[in-house]
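Report on the structure given below.
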């Protein structure tokens, strides 16, 4: 018998005795099984976890789980002794590993390929089979039965995922919903005048049942079309066929039988009676049917009925939002219908119910993208019952194995087992494993049957079956009991992360970043001064404040107006500069956050809270003060404990501080959710940290920081937004705080609470749906709920933000109001308000002073860093225009290209430019990218100067070869060349690829629009008219046999006509001289050679006319690329570089260059916002993003 001490030592010393080997195997199996069981239990609550520690632990365990299982199975296989329980332990271990993420395993799209874990499970089961076969066991039948069930479950999960992906309820839902929501078809499902949000009449949003409907691929648009009443269609078709057969039969019998009664109704001109349609158990369930159901379970006003109705509303809205996240656009006329629903049924509801609907909507979206729920419910209750059958079978087999172990298991003499006081420890462990297996199966099915998906199906079934045996007291109580369970109520963590700048700006995570180097980047890098505060639960007063702001805003437009409702009063005019005269949303957030923090410190000082002790603002005095006021010593998340306050002051103080710190957290940790693009928040925050450390040097407590900043605020001039006064964000925050402190306490916090609610709503609209989608997996953010709500109203933009050069192609109403009114840019002087940023109009670029010198900031506020010069490779800086394109950046970062490809290197460069290893102000390294380019295009060599235009063209061609879909979707456009001759009144229209290579007009003060005017219109004197030439050839052929002399005359004319033949080939239309001017000319071939070639062809008559040429854009690309003329040919055809000045406006409207045939389409404007101009060696490139 071995004592406990020896067993513990065996874990570390690894002795080779059989007893110690068995103990290590037992320990590993027990620990792994308990660990996997715990993960399985917690899996249903993963979306409710917010702790980064818990998430990290679960992630680490999940990543090493397969290795643990394989190691334990290997240890069992090579053990030098026999134990009949090894196969049982192995299959139990594999089963628990397979169920450890039975919900959160993967979603339908599964871009990371986690679905292949099913194949890993099959491989492990094959290892179990080998172990079972070679080791042998007396439990042959139950073991192999359990093994077969595990294989079957893996196979079923694979099939279920494929079926869910193809299902119109899940994977193909967006395609169906996008077509179903159209209002311009013959079988339109929605009319604005028929939709009444108060009763839900007319809101036929899809909920359930479309998988049973008749869905076809409808021509000519080849879209999914659903017959909303297939039963009626089938009966009517059957009736028509029957009538046709009867009519034919009556005609054949007309000579023998009097058929006066055969078709009495037809002869009288009346229509046959419409056949009765019986209710179908497979009818389509829509939102209006659930809300208007007269069953007792869904009674209006009852708590239980409201829960079912809100659940169906959230699910139908999630299907609409899923269209946005899957890049499927909704018809423009459906937006007002949904907008009315949102405004009347959510925004005007009480806060708790309104945000519960949004929480449910986000939960359904997270389930679709990140969990297995769609696979479990891919065909409704049928697929759920299939899962139940597999679990029930596993339950039964586990019980069978449990009984067999109790009944027949005995240790043989040649086996090694642990027996303590006559009790076989191995058997006890195995029996516990069987109980765990039974519990696991019960837990899985409980999680499925108590989920929101099952509740939704129950509500749909209740509405569908209008029968007494369904709608009775027993079934209604049974269905209602599913809402009483609390097991699946944790849909969202409900937490606001917080960041306090004045308490964290001096934090230096040097130790953390030092550890990161030893972990080879396994842990994320932390920025200077970015230490987050403890997260808080969303205060109850925050949600009503947000709804009040939404109700006060105009949501009828396609954007939010640049209005801050809390500052509309004339008495608050002096604070508007902090919202309307700052260049970016990041500036606004930081200025108001610093001002709010200073007001909070003053608020704490007035309540005698000691702030002199660094890092401990709440000392014993603050506890005592708090106790005297509210008999509670627990410190809150803010400097002043909320329990010390009451009434409106408490509400406003809480709202202002919680939202202020939450918006600051978004700027630090979730910059993709802000209107600013990519590098802007990080760049502005880093500069602000540097300014704060300089201004607040030696201020080691909040009291000293407050005194320093308030003194700074007193010395600042009245108008701080003038760019000539280099006033940074910290100073502006201090000035704003000083102005707010002139207000009384109630008014001050009323202003702050209102402004922060307004700012959060203005921040929420965003074109970057991918960022919000990625947040769902980690639990989601409050701002995502507001973003979704505004998107349903057709709003993806706020006019409050000065610059927003982002695409609007995917907005529900993007093609509406796409004119200058909605895309007007703020004046350039507002950019100068940033302090350290100046606009250089002469070169069309924005320069920003950085630590390493001068970098460039484009109109989207991307910091463009210099690139490494490998030797005359300065032309590679032309790629900086591509680095600043937000749409290209998003699509590139979503790619997963092979290592070493051009896409791979460009993606690395994009990631590095966002703030990688080289730092935000360092130099971008391009050795690998240059190597790939030079291997593909040998013209590019180190030490050899090349043309930047040639580089950009070649680079885009290289990207196009590797990923043509992405490049064409962004850069490809089409033009139509219209040629009209007044001489013969003939015209031609030729489609061509858009290639804006523009000549420069010969005049002073040239603009880009002047170059476009020259490109779009022109005249030619020698247009080859195919129709006139064809007529001439016909006339010539009719006379070719008249005389021989005439034929000789035609041949003699060929030499004189030779130059025309070489300049005007038969198959090529003439380009406008304006377009060709400025390009390298085509060299003519040898004249004698051309003549010989010409003599071989049949001579034909050619007619040339004077004509006008107009070029119009048929399809504008997302990103407009313009190349200005670089050369002129003045001396013997030798090119000379031009040195002309071309002015570039902030907004480029190309509407007048669009094809006139597009005037009937809903596009009313095509406006581009140029943000990057490059000039290297006489080259101009304009890279624009569609607004």
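Placed from the backbone N, Cα and C atoms, the Cβ positions cover glycine too.
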Annotated transmembrane segment segment (source TrEMBL; candidates 20-45, 46-71): 20-45
The annotated region 'Disordered' range in TrEMBL, which must be one of 810-830, 831-851, 852-872: 810-830
The annotated region 'Disordered' range in TrEMBL, which must be one of 250-275, 276-301, 302-327: 250-275
From 1035-1082, 1083-1130, 1131-1178, the residue range that TrEMBL assigns the feature region 'Disordered': 1035-1082
338-354, 355-371, 406-422, 423-439 - the range that TrEMBL marks as transmembrane segment: 423-439
Where TrEMBL places transmembrane segment among the ranges 376-403, 460-487, 488-515: 376-403
Per-region confidence, the domain 'USP' (865-1187) (mean pLDDT, whole number): 66
